[in-house]
Amino acid sequence: MSMSCKINWLMVLVIIALSNLESSLGRLVFEGSAGLMNGFTTLTNTKKHAYGQAFNDEPFPFKNSVNGNMTSFSFTFFFAIVPEHIDKGSHGIAFVISPTRGIPGASADQYLGIFNDTNDGNSSNHIIAVELDIHKDDEFGDIDDNHVGININGMRSIVSAPAGYYDQNGQFKNLSLISGNLLRVTILYSQEEKQLNVTLSPAEEANVPKWPLLSLNKDLSPYLSKNMYIGFTASTGSVGAIHYMWMWYVFTFIIVPKLDFDIPTFPPYPKAESQVKLIVLVTFLTLALFVALAASALIVFFYKRHKKLLEVLEEWEVECGPHRFSYKELFNATNGFKQLLGEGGFGPVFKGTLSGSNAKIAVKRVSHDSSQGMRELLAEISTIGRLRHPNLVRLLGYCRYKEELYLVYDFLPNGSLDKYLYGTSDQKQLSWSQRFKIIKDVASALSYLHHGWIHVVIHRDIKPANVLIDDKMNASLGDFGLAKVYDQGYDPQTSRVAGTFGYMAPEIMRTGRPTMGTDVYAFGMFMLEVSCDRKLFEPRAESEEAILTNWAINCWENGDIVEAATERIRQDNDKGQLELVLKLGVLCSHEAEEVRPDMATVVKILNGVSELPDNLLDIVRSEKLENWYERYSKVIDPVTTEESIGNLAITEPILPSGRPRLFL
């Protein structure tokens, strides 16, 4: 039984709430730079290369006093970091579980007031910490200068992720740890699941995010004693920062109750006297020069206004495949970018009509990493622009204007598939034949990306929202505007997990490495969702029906997998087709990557060229993970490709290890 299911019946045992630390100082013991500043509890002040500690004066029971078993628990605390410089932090803050009240011999700077250079990494430390790190230390393998990590006995994080949270729609939102805003951290540990989850979110978010930022599957009982002290540490280096602690809550159960409070505003970092004088001087000089510069500014303004729409085509852009549109063309086509269709995975999407041809287009304004050069970015887009398949949304061209990038696609009038699945009651319901056709269209597109091109293309985000429907109810797979090409033999690793929860294969969370198998997993979930007419997760449904994959397998084991679909779908379908799609969906979404078929095999099964094995349920249940489709390949033709890509024909056998990989 999952942690989310158990939450519904867990009983409240104990609540220890230190609400508003500044009024509960008697329960805290301060060390180092920790104390009071501006009426708030702080772990550091303006002193450089210093650390502060604040620990509860009484230990917290982590193990049952009768049988010594580890107990489940949750912690919630609120903090804010106000840096000396708005764009540069110091070192960071950490939540700590320690065998002692306070940590003797701790060092500042990169050690966060927890460890030092001699005891870092010692198994005898028995310290568990959640770090909110604002400085990238290569010696500890830090991923960046704005991340959250789980550490055991040392400063090298076991798992870490860039600071952010998943909103109620499952979209990832970045957060800055040095924004000066109040942030909430929730730490939940289930002893039965042996799982530690960490979430980070803005304080104004009413609810804790449904999906954790970090998840560590590990039994913590060997690292914790019966009674341990809980507290916080922080440190500064050559750059100063004030680390504020505001509220914290401890629960011996894994429910996190809704908290109601007024969000405080923290004062800015105190400026040195020399800085104040400098600000006054700069202000005076600015005002003195303003009049003299005004005339020049007006001249420059009118000159730039005249040349506003002038765009220069650089020599290297001639090599790019897609057509380059002028900014003026797109500005006029979209009526000044006022016809907003929605927000895509990388930015807003606008509807437009090209003058002359009256062709309908969709224009996506791409938000991209500023560290990535425009030349490199356009090279990647030119690669995507050469994809040609009837079930892929076609990239018509691009526009580069003022360091912004606009991608131009065919406009599909019926919008995305999710509107048909979960739209209003007035929305036309899809028939079974339409659903089956959509599933086959998406399968064909994905098979082309995996097997039909000169590169292996990994989509990474298969879901109904990324499937668009044309006026004839044909489906096209979209939202693959940004990509990176990796040479043969390169083992891709990513510090940011891409995709949508529910459609992400289990191995993605462990390795962060997308593969064709992770795409197949997402497609399996997609098949179940479309064919059953149910969401992947129904929290209000009966417990056995709450998770769609589990419900489908239960129905299958009970003799009729078709019962997993809604009554409307069961009454309007070819039962044989529905049974085939459901079984194939369960197989594709198997937790073990080795069990899943490839997309070429999936297409053959959907088209009736090949059949599923008779003992498929045994394969799904089997703990011995083998490539069933390799054994089954005696009745399946070898995968070869003969696809037309513009004027290029590919007739050689396609092998995943023999081509570069393209990650979308």
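Placed from the backbone N, Cα and C atoms, the Cβ positions cover glycine too.
The signal peptide annotation in Swiss-Prot covers 1-26.
Residues annotated as region 'Legume-lectin like' in Swiss-Prot: 28-250.
Residues or ranges marked as N-linked glycosylation site by Swiss-Prot: Asn69 (among others). All protein chains considered, the CB of Asn69 (N-linked glycosylation site) has 9 other CB atoms within 10 Å.
Residues or ranges marked as N-linked glycosylation site by Swiss-Prot: Asn116 (among others). Asn116 (N-linked glycosylation site) has a Cβ environment of 15 other Cβ atoms inside 10 Å.
Mapped onto three states, the DSSP output places Asn122 (N-linked glycosylation site) in coil. Sequence-distant contacts (6 or more apart, same chain, Cβ under 8 Å) of Asn122 (N-linked glycosylation site) comprise Asn153, Gly154. Residues or ranges marked as N-linked glycosylation site in Swiss-Prot: Asn122 (among others).
Within the same chain, residues at least 6 positions away in sequence whose Cβ sits under 8 Å from that of Asn174 (N-linked glycosylation site) are Pro162, Ala163, Gly164. Under the heading N-linked glycosylation site, Swiss-Prot lists Asn174 (among others), citing sequence analysis as support.
Taken from Swiss-Prot, the feature N-linked glycosylation site applies to Asn197 (among others), supported by sequence analysis.
Taken from Swiss-Prot, the feature domain 'Protein kinase' applies to 335-617, supported by sequence analysis.
Just so you know, the Cβ of Asp461 (active site, proton acceptor) picks up 20 other Cβ atoms within 10 Å once every protein chain is counted. Sequence annotations record features per position, and here Swiss-Prot assigns active site, proton acceptor to Asp461 based on sequence analysis.
Ranking the recorded positions Asn116, Asn197, Asp461 by Cα distance from Asn69 (N-linked glycosylation site) puts Asn197 first. Cβ neighbour count for Asn197 (N-linked glycosylation site): 21 (other Cβ atoms within 10 Å of its Cβ, all protein chains included).
Asp461 (active site, proton acceptor) sits 23 Å from Asn197 (N-linked glycosylation site), taking the CA atoms of both as reference points.
Note: the CA-CA distance between Asn116 (N-linked glycosylation site) and Asn197 (N-linked glycosylation site) rounds to 27 Å.
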